[in-house]
Structures are given as structure tokens and as C-alpha cells.
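Here is what TrEMBL says about this protein:
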| type | residues | note |
| --- | --- | --- |
| ACT_SITE | 109 | active site, phosphoserine intermediate |
| BINDING | 61, 308, 312, 351, 352, 459 | Zn(2+) binding site |
| BINDING | 61, 160, 162, 303 | Mg(2+) binding site |
| REGION | 550-577 | region 'Disordered' |
| TRANSMEM | 15-34 | transmembrane segment |
């Protein structure tokens, strides 16, 4: 009897112990799961994320769909790759974006970036300012105020339109001196950016200093240092960052007087300027390290800025190498997201297309040939911008006092053959270069031989592509979207309140603000107000003589096709266009 009782007791104790161990195990696993979920939040497709996360926004300024076609074919030819080899970007295409601004069916970079930063339409030239001339809170500002670290990485001036729209507010994009001050915190919100790497040093130096392009004697670099910024201005300084492992934030990196050279030129002076990929990797590592013990991640905007410049210059050589450099940076960001312990999303798009690029060109009146020749681009070793500057230096230097035949021979050998791989230049083409054709003439010589077409030296209204690290996490952007929807997604992904920042900007007035005409101007910190004639919205005014006519009104047959533009040239574009 006693033996049975003992067996029963031990059995009960065993069951209790087993139950206790199981309960402790379940609780432990639950705690570990909760901790891991908070550290690495996952969410169902289309659901709003929670927990710590990073947001990386990439802008391919001026890159349209044809840029991808051009670059893909060039790369296949240049690297002897199969027809099914594609760019990294091609594998992450999720949709397209409509790009019009409030003032035009063709946007500029300022209005385009304002759509991204504020999620609002505005006029061409506006730096996060709305058509009613009031500031709008940006994703970067709201992220900083919510506890995220923030960064900007570009290959143009850090004061250029795209980066400016995330960290400043100006009535016109031309106010780059003012934008420089805003970016270091000299505006109502104070310092909002933790890391800036790009060009544009001249806008931060006093005009008493060599290399300055400021209109005043403010030393914005010293102002930044007084606010705690660490500062680098050359390749050695960049290398000292050890790819992000040795960065003291906040960081101001101004690595070129103006723009960083085109990739096709930069790679030949790699000891002077880092690549976009290097800058992106450095920034991501620095921000990741800075937020490793935080319950918030970071927001960064990374721009392949000079794709746009290549389009403005109608330079296909610069274009393909800029797109390839952007593709490498995009790949580097994907690699970072894959390896980093904090989840995040990459969204990439363009503000607009530049140049009206066409992968075809009809050179004669006869039936067109269905051809284009990537080998022409592969033969070139420099951009047309580089060669245009070199030609100016030669014509104003060693070539100034030589005879015409010597001058032409030098251009044929050192500019055309060595720089572009062109050996069949006509006398008229060479003379055009001497007569001042410059970079545009070099670019046109390449484009004609490659049979690449351009419709403008400006922007076009074509829809642009949207890319993402994972389509599952960006369902609101799949398909064809307005560019403001991109900005709204960025804010929503980080659960940001842009309206609260906008209210703060409107309520913060550094009084007294008195404009030049003596009237009170609470937003004088955004620069000189717009002239009365600047159209900021209402596209019915924009259309001029070509606007839709009401019944009974005079039709388009009254439009004069002999009207002239401000330079006196006949444009055939209507009296009031």
C-alpha cells in the first residue's frame, strides 16, 4: 500500500514537473518570438509595418524607360553578355509614375522632388513650397522628429533641387545659398539631416574664398562645424570614414566644388572622387551603426543625380555610364537590406525623363533604317562635357595661335579619336567644334553615329518607372501612380505625420519678417517671393492659345504660327504660348 502511494506521488510530481517545464518553455519561446518580432518586424503583403525599420528612397534623376533600354543593350554589347541578361533594376520593376506638376504637364526636378518629399503637387521651381507660397513638411523632417536618423547622398550639388526638397524650403530652386543654410539647420526646424554626402562645396564657402560661388561672405562650413558637424571635402577625408565604420554624425561631406564628374570621367580619377556606390555603402553603414541601439531606424534619400545632366546634354555616352553606376548603387542597397538585422524597404523612381531619348534616329529622308549601334558608345572614353571643357582650354591656350590645319588635326586626334573613338569626322563637324559647338556638338556626333535620337535638351512628360526591393511590401505603388502617391507611401511606411510638421513650419515665424516692398512676410526665411507673373497652378493659363475653346469662341485657326520666343526665334507655337 505504501509502495503504491509512493509510486502515485512520484508520478504526480513528474507530471507537475513536466507541465512546469513545458509552461516555462512556451513562455520563453513566446518572449523570444516577441523580441525577434520587434527586432525584425514582418508584415503581410500590403499591411502597414510596425517596429523598427529603415526606409531607403532612391531617385534616378532624369531616367526614363528608354534609358534602361539604351543601357541594357549597351551593357550586353560591351560585356559580350547574352540577350536575356538584364540590369538589376529590371528585376525590381513594379510600376510607373505620372510626373506633371501643378504648373505644367512637364515637371522640373524641384516640383518632382516636392511630390516625393511632401506628397503634394507644386509649381516648377518650388523647393517644398506649395502653390499658395506656404511650406510643406517633408518626409525627412517628419522622420527626424519621430526619432529616425536621416541622410542625403547625391552626385550633384547637395543644394540641388532633389536633396534640397527634403531638408529645406525655398520659393525657387535657384536660391542655393539659402538652401545650404537650411540644410545645416539655419531655419525654423533646426538641424534635420544627420548625414550629407555630395558636391556643391562652392555654396558653403564665403565669397571671399577661392572656389566660392556664394553671393555673400557667409562661411556655411564653419557654421556647420559650430553646430557639431564633422566635415570632409576630399577623397582622403572620405576614405577616412572607412566605408561607414568610422563616421561621427552629423556629417557634412562636400566632395566637389559643384557636381561630381560623370561616371565615365570619374572612374579615371577614382583617387579624387568616390563613386555613387561607395557613397551609398558608406552612408548606409554609418546610419545602421548609429541606430543599432535605437528602437527607430533611418530614412535616407540616395540620388543618381547626373543621369539628368546627361539627358540635358543629349550625351548617350555619359547616360549609359550614369545608369550603370546607379544600377550598381541600387544593387548595393539591396545587399545591405539582405544582410542588415533591421528590416527595411527600398523604393526607387525618377522625378521625370530628360532629353526625350529615343533608341532610333532617322538621318535621311529615305526610308528609315531599323538600327542603332551600341559599339559607338563603347568606343568613347569621356563625356561630351569633359571634351567640351578640354576643347575650350585648348582653343584659349595652346591652340589659340596655331594655324587652322594644326588646330583641326589636334582636335581630330586628341578629342575625337582619343576621347570618342571617332575617326571619320567631316571638315564641317570639326569646324563646328571650333566655331563654338562645344559639348552639344560632341554629343551630337556620337548620337548620329549610334543612331540615337533626342527631342529636347530639357525634360519630357513621359511616365517613369517605379522600382522596389520587394513588391510585396509596396503594394500601394504597384501599377501606374501619380508621383505624389510615392511621397504618401514614404510617409505612411514610417507612420509619419507630415501635416504636423507643416503646421510647425507655418507657426514658427522668425519675426520681424519684412519683404523688400515693406509688407509683412512671415515666410521671408524661404527667400524672395515669386514675381507676380509666375504661374504656380491653373493649367488653363498654361495652355495659352491651345487651350480648349468654348462653343462660339474663336478656334485655333486664328493662332499665328509665326510667333517668336524671347530670343527672337520663330517657334510656331502660338501667340500666347
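Cβ from N, Cα, C; glycine included.
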### Message
Spatially, and counting Cα to Cα, which of the recorded positions is closest to residue 308 (Zn(2+) binding site)? Options: 109, 160, 162.
### Response
109
### Summary
Taking all protein chains shown into account, the Cβ-based neighbour count within 10 Å for residue 308 (Zn(2+) binding site) is 29
### Task
Name the one residue among 109, 160, 303 whose Cα is closest in three-dimensional space to that of residue 351 (Zn(2+) binding site); these are the recorded positions.
109
### Query
Which residues does residue 61 (Zn(2+) binding site) neighbour through Cβ under 8 Å, counting only same-chain ones at least six apart?
109, 156, 162, 303, 304, 305, 306, 307, 308, 350, 351, 354
### Remaining residues near the recorded Mg(2+) site, that is with C-beta within 8 Å of the centroid of the site residues 61, 160, 162, 303
59, 109, 113, 154, 156, 161, 163, 305, 308, 351
### Query
What's the CA-CA gap between residue 352 (Zn(2+) binding site) and residue 160 (Mg(2+) binding site) in angstrom, rounded?
15
### Query
Between residue 459 (Zn(2+) binding site) and residue 160 (Mg(2+) binding site), what is the CA-CA distance rounded to a whole number of Å?
16
### Task
Can you see whether DSSP assigns residue 308 (Zn(2+) binding site) to helix, strand or coil?
helix
### Task
Give the distance between the Cα atoms of residue 312 (Zn(2+) binding site) and residue 160 (Mg(2+) binding site), rounded to the nearest whole Å.
15
### Query
How would DSSP class residue 351 (Zn(2+) binding site) in three states?
coil
### Message
Which secondary structure state does DSSP assign to residue 109 (active site, phosphoserine intermediate), in the simple three-class scheme?
### Response
helix
### Message
For a quick check of packing: other C-beta atoms within 10 Å of the C-beta of residue 459 (Zn(2+) binding site), how many?
### Response
25
### Query
Quick one, of the binding-site residues 312, 352, which Cβ has the fewest other Cβ within 10 Å?
312
### Query
When DSSP states are folded down to helix, strand and coil, where does residue 162 (Mg(2+) binding site) land?
helix
